[in-house]
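K.L.:
Handing you a structure now.
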C-alpha cells in the first residue's frame with residue numbers, strides 16, 4: 001500500500017467488503033475471519049514496554065517482507081497508529097479495519113493494510129498479531145483461505161507461541177486454541193419487524209455463537225445489523241468452526257427470507273409506506289442523528305432488496321452507513337463539529353448521495 | 001355554467017379561489033364575503049315544505065335570468081342538490097362552495113355556481129339565499145363589490161324580507177342587519193410554531209371576530225389554517241365590517257411575518273429539517289391520513305413561502321389540500337374505500353402530484 005493507499009483509505013468510505021454482490025449479499029453484508037497469534041519470547045501486548053513493542057512490530061514487518069508473504073500479497077503497508085490523527089484512527093474502526101483496542105496506548109500499535117482493505121493485520125492489539133480478512137457477502141471459506149495463507153507465510157519466519165495441548169496461546173483464554181474468530185454481519189430487518197429476532201438470536205446463542213450489534217460489544221443492533229460469531233476457539237478445527245457458522249447462518253438467512261415473504265404477503269402496504277417514508281426523510285431531512293440515519297438506511301436497504309425502491313444499490317447504502325458514522329463526519333467537518341453541526345452535515349452527505357442519481 | 005361546467009367542478013380540485021397570487025397570497029389563502037337574504041312571504045327554509053321550497057328556487061332562477069343579472073354574470077348554472085350524488089355534494093363542501101347545511105334535506109336545496117367557482121349562491125340553506133364570493137389572497141373589497149352587484153341585481157326582481165329597524169331579516173338573529181359575513185382564511189404555521197397563535201386569536205376574539213378551523217365550526221385548525229370572520233352583522237355598515245376585518249387581518253399578517261422572521265433567524269436548521277422531512281414524506285409515503293397530510297402540506301407550504309423548498313407553488317399545495325379530503329378521495333376511489341384504502345389512495349395522489357415535476 002502506497003501513501004496514496006492510506007490517504008485513499010481515509011478519504012473514501014468504501015472498502016473491499018462493501019463491494020456488495022457477494023453470495024446472499026442482500027442480507028449478508030460481510031464475512032470476516034481473523035486469527036490471533038503471539039510471538040514466543042515476548043509478553044502479551046498489554047505488558048510490553050515501548051521498546052519491546054517496537055521489536056514486535058519490527059519482527060512482523062520483516063516477516064511480511066519475506067518472499068513467502070510477498071508471493072501471496074502485495075500492496076501491503078504498515079501504518080503505525082501514532083502516524084495517524086485521532087480522527088483517522090477512528091475511521092479505521094468505523095470501516096471495521098481495526099478494533100477500538102488499537103486506539104489505546106497507540107504508540108505501541110500498528111496495522112498492516114492491503115490496498116483493497118480486504119486484509120488487515122493488527123499488531124499489538126490484545127495479541128501480537130490479529131490477521132483479519134473481510135469480504136462482502138457469505139464468503140467465510142474464502143476469507144479463511146486468505147487468512148490461512150498469510151498465517152502460513154508468516155509462520156515461516158515468526159516463531160508463534162503454541163502449545164501442543166492448547167493450540168495457539170493468546171492473551172485472553174477465550175481465544176486460545178485455533179485463535180480463530182469467524183463472523184458474519186447480517187441485516188435482519190424482517191425478523192425485527194415480525195418480532196422474532198430475539199427468539200432466533202437466543203437459539204443461536206445456545207448453539208455456541210455470540211450475537212452483537214454492528215459496532216462491537218455493548219452496542220445496540222443499530223440499523224438492524226447483527227454480527228454473529230463463534231464463541232469457542234478450542235476443541236474444534238478451523239474448518240469445523242467455519243462449517244458450523246455457515247450452517248447457522250444459512251438457517252438465519254432462511255428465517256429472514258421467510259419473515260420478509262410473510263411481511264410482503266400480509267403487510268405490503270405498511271412496509272412500502274415505512275420504507276418510502278424513510279427514503280423521503282433521508283432525501284430531504286436537514287439534520288439527522290447517527291441512530292436515526294442507521295435505522296432509515298436499514299429501511300431503505302430492505303426496500304431495495306424487496307424491489308419496493310429502485311434507483312439505488314445495496315452498496316451505496318452500506319457506504320452511507322459508514323459515511324454517516326461520527327469519525328467520518330468529524331473528518332469531513334474538519335473535526336470542529338458540535339453534535340448539532342454533525343447532524344446537519346450527516347443529513348447533507350446523505351442528501352447529496354441520494355439525490356445525485358436524481 | 002354548462003353541463004361541462006359542473007362535471008369540471010367535480011373532477012378538478014381546482015377552484016378560482018386557489019389560483020393563488022392574490023395580495024398577501026403566501027399567508028392569506030382566500031377572502032370570502034357572503035350575504036344572507038330572505039324572500040318576503042315565505043317561511044324560513046327549515047319550515048318550508050317541498051312545494052314552497054320549489055317556489056323559492058324557481059323565483060331565484062327567474063331573477064337570475066333577468067337582464068339585470070345577465071349583464072353582470074354569465075355562465076351561471078343552477079344545480080339542485082338532488083341531482084348530485086352524496087360524494088359530489090360533499091366535494092362542493094370540501095371546495096368551500098357550499099356549506100354542510102346544504103346536505104341536509106337536500107331535496108329542497110340548490111346551488112348556483114359560476115364557471116370559475118368564484119361566485120356561488122346557495123338556495124334554501126339556513127336562509128333563502130346565501131350569496132357568496134370567494135377569491136384568492138386578501139381581496140375582501142373586491143369580493144364584497146361582486147356580492148353587492150349580484151345582490152342589487154337580484155333585488156330588482158326579488159322582494160327581500162327587510163325591516164327599517166333591523167335591516168335584512170334572517171333565520172338566525174346573528175345574521176340580521178347587513179346579513180353579511182366576511183372572512184379570510186389564514187395559514188399561520190409561524191405563530192403556531194412560536195406558540196403565539198393562542199394569544200393572537202384570543203385578542204382577535206375580543207375584538208369581535210370569530211376564529212375557526214378550515215372546515216367550519218367545531219373542526220380543529222387542520223394544517224394551521226384559520227378562518228377569521230366578523231361576529232357582528234348589525235349596527236355596522238358592510239364597509240365598516242370589511243374595514244375592520246381588513247385591519248385585524250393586517251395585524252395578524254404582520255405578526256405571522258414577524259414569527260417567521262424570528263424562526264428563520266433563530267431556528268433555521270430545525271425549520272428546514274421539519275419542512276424537508278414533511279416534503280420527503282409526502283413524496284414517498286404510501287399511506288397517509290387526512291390529518292397528517294394537512295399538517296405536512298402546511299409544512300411544505302411554509303417551506304415554499306420561505307424559499308427553503310423550490311419547484312413547487314402555493315397553488316399546487318392548496319389544491320392538494322382539497323384533493324386529499326375524504327369526499328374527493330371517495331370520488332377518485334369510486335366510493336368504495338375503507339379507511340386504509342383511502343389513506344393509500346391519498347398518498348398515491350400526493351406522490352403523483354409532487355413527483356410529476358421531478
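Placed from the backbone N, Cα and C atoms, the Cβ positions cover glycine too.
As the structure is a computational prediction, the values presented were derived from the model and not from experiment.
Look at TrEMBL and you will find A:30-34, A:96, A:130, A:181-185, A:212-217 tagged as ATP binding site. Under the heading domain 'Phosphagen kinase C-terminal', TrEMBL lists A:27-259.
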K.L.:
Among all chains shown, work out which of the binding-site residues A:30, A:183 has the most CB atoms within 10 A of its CB.
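P.N.:
Neighbour-count leader: A:30.
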K.L.:
Any same-chain residues 6+ apart from residue A:33 (ATP binding site) with CB under 8 Å of its CB? Would you list them in sequence order, or say none?
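P.N.:
Correct list: A:132, A:133, A:140, A:143, A:144, A:146, A:147, A:180, A:181, A:182, A:183, A:242.
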K.L.:
Have a look around residue A:212 (ATP binding site) and count the other CB atoms within 10 A of its CB, chains all included.
P.N.:
18
K.L.:
Could you please provide the mean pLDDT value for the domain 'Phosphagen kinase C-terminal' (A:27-259)?
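P.N.:
In the predicted model, the domain 'Phosphagen kinase C-terminal' (A:27-259) has a mean pLDDT of 89.
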